[in-house]
Amino acid sequence: MPERLTEMLMDTWTPLIILWITVLPSIYMAPMNQSQVLPSGSSTGLKRLTEEQRVLNRSKRGWVWNQMFVLEEFSGPEPILVGRLHTDLDPGSSKIKYILSGDGAGTIFVINDKTGDIHAMKRLDREEKAEYTLTAQAVDRDTNKPLEPPSEFIIKVQDINDNAPEFVDGPYHATVPEMSVVGTFVTKVTATDADDPVYGNSAKLVYSILEGQPYFSIEPHTAIIKTALPNMDREAKEEYFVVIQAKDMGGHMGGLSGTTTVTITLTDVNDNPPKFAQSLYHFSVMEDVALGEPIGRVKANDLDIGENAKSSYDIIEGDGMDIFEITTDAQTQDGIIRVRKPLDFETKKSYTLKVEAANIHIDPRFISGGPFKDTATVKIVVEDADEPPVFSSPTYLLEVHENAAINSVIGQVTAHDPDVSSSPIRFSIDRHTDLERQFNINAEDGKITLATPLDRETNMWHNITIVATETRNHSQVSRVPVAIKVLDVNDNAPEFASEHEAFLCENGKPGQVIQIVSAVDKDDPKNGHYFLYSLLPEMVNNPNFTIKKNEDNTLSILAKHSGFSRQKQEVYLLPIIISDSGNPPMSSTSTLTIRVCGCSSDGIVQSCNVEAYVLPIGLSMGALIAILACIILLLVIVVLFVTLRRHKNEPLIIKDDEDVRENIIRYDDEGGGEEDTEAFDIATLQNPDGINGFLPRKDIKPDLQFMPR
């Protein structure tokens, strides 16, 4: 049966042959009854197919739907016939009406309601919509009543190769290390094709290189780009422009293609050693250059970049390895030569160094290519400079006894001019460091003499600054600190450390320690202080007290007897001679005051004054003074009260015969009325005291009078 249908379809339009080949298997396998979706020009064949099918199966069935197909992008003068709907209920009397609804019904797809032919009215694009779902139904043309239930069927748009491949992510940028081996992965590109990947080869892509050979290659199916040449050198060429093509239809003729560009950059590896621009460098430097100052730069160039171009510099040979140092400038990669130690033209006038530059980061893959280092020779010439005087010592320490004579020499400083000319030197003292002008210096030989007496106990150290100046060039000046230590001589007598006052209890016992005293000496002997204590010769046999030297260089005062009484003698004075062990020894006499006091049975001092005996009730002097002050205050209050009472009893109203209002003045002038009252002040006539502005009232007695202070 398929063979007979195929023979009938050969007379139809050629593009529909493919559609028939796709549709026939499903028609052959599906049972059919009253109606069938028919392709165009197939009614005769379909009727034959229906009769044979009825012999096989007489059971009544409804619609049997199959897929219909239509080619995309087809355009012609007439609408495209997609297929035909037909039902056996139609006797050919045109009483059947076919209705189509669903996707694109009435706009894209139109059905002939009499014949059931379906036409595509527009140009279809599979990439926009691949299939359409529609619903077909047969109704009575007069009554519009459905003759059968509605059924769905699908119209699929068949793909044609109408879309070229596209590189959505292009153009591409990739990197690969220089000197890479053949086959090193670079990058992968991807192209997309909007055609149907299932139907035919429309979306089957094959990749190739249009530009970029022979340096790179691409795998046709995976689009992986790899290196094709070994040892590509970045320093020779850094960037490559590669054009990649993707072609569909498996790369065969007639396929569509698309291209993209890949910019491939070779990244740097350390395959080049540093190289000095010159093998010999010359520098000159003044001998008075400051330490750490740069005196010159050397440069080792490296064709590599970044970390691979970084080098370190070292001095590996030469007679100035300890005088000079070399460091690397991180920005310019220069080698900076600096001075480590002072230079002296008179001692050495030139130096020769051998400098090495070596890469910091070395790639083990290229270590066999040779040492990644280079050397150069550096000659440094020291030039003479006018230098300031140089002292024989950076500091001086002098010692002098405090009793040294005025104008005696206490020390000497020396300095010389290091230059070849050797200018004479003059010395002076910076008076800002010797404000009291205690020292002088000889300007010619630098001998320091004493100008004023010294006192170690006042100032033990003197720090002065000596200035040395060249006589030929006063701008060349040097300074040196001089510390002068004043040595001690025994010129101070010892004395009590503080003013001592001893207290002796009346009920004390013989041999009791009254007081322990200590002495001080402003001098500072080398072996420490050792004091001798003694009583005055006339008091050696003192009947009341004796002394005892302690091991800690102190003195104990002891009572010889008991029974001391404040009424008999309240205070005792005990002169004590204190001597040191100096040469010659110095001594002084200090007097200890011993006061007799009343003490408790435990020996605690309670009172040391005589008034305790005149107060049997046990009142102290402070209490007596308080009582006396209260009595005096009461007497003052009484006197004030009496004085106030006396002033209150004095009469305050003047006598009648003294009233000025009784003095009548007669005159013959005619009165002027109110004008006369303004001619004089009647109050002044009545009270002459009112002239001064004070008008006391004497007609009443004041309630309160204040006493003049």
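Numbers run from 1 along the shown chain.
Using the three backbone atoms N, Cα and C, a Cβ is placed for every residue, glycine included.
Curation does not apply to TrEMBL; its annotations are automatic.
Summarising the annotation, TrEMBL assigns domain 'Cadherin' to 87-167, 168-276, 277-391, 392-496, 496-618. The feature transmembrane segment is assigned by TrEMBL to 613-642.
Mean per-residue pLDDT, taken over the domain 'Cadherin' (392-496), amounts to 90. Mapped onto DSSP classes, the domain 'Cadherin' (496-618) shows 8 helix, 52 strand, 63 coil. For the domain 'Cadherin' (277-391), the DSSP counts in helix, strand and coil order read 10 helix, 57 strand, 48 coil.
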